[in-house]
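So that you can see what the record holds, here are the features copied from TrEMBL:
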BINDING   36, 38, 89, 92  Zn(2+) binding site
């Protein structure tokens, strides 16, 4: 095949990929992935994904939030998705502090009543006026294994996600660069806040 033929073929494939949504074609794997935003997680590489294979949602901690629910509900009900995978990881920064500490740091930095800051500019009614609720909003956690199990259960029990949706969770061990099921350790550390902070002191 000549170079020009190879380029033309690549252009045709790209055009077909771009038009897939207009034609109502679901992603290749019919997959929705929720993962932490940590830059050490190459989600596509660890799952063997190519462009067009999945809807990928990333946030701090890889946690089921209202926006994750919004996106997952649309994905599984209108875009043909049949499976959801949650990926959390060891050494997660969300284990390194508590919500109270984050709120105190923000208050000291900006010198404002951070509890009254709008969470979503388009939905001012979502403001959390209760300081305790604002602390919980950051969703810090102590055990990556426990939180992975919890995220899967949140999704499985949500009334707007079909019961036949396949939903599973995995922990990515940054120490071994491997995925595992929750509570099935491949290496010894770092799965909890105590271990993470203890390692920082070593």
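Cβ coordinates come from backbone N, Cα and C, glycine included.
Here residue 36 (Zn(2+) binding site) comes close to 58, 59, 60, 61, 62, 87, 88, 89, 92, 94: these same-chain residues lie at least six apart in sequence, with C-beta atoms under 8 angstroms from its C-beta. Surrounding the centroid of the Cβ atoms of 36, 38, 89, 92, where the record places Zn(2+), the chain contributes additional residues within 8 Å, namely 35, 37, 40, 41, 61, 62, 88, 90, 91, 93, 94, 144, 172, 174. The binding-site residues under consideration are 38, 89, 92. Their Cβ neighbour counts within 10 Å are lowest for 38.
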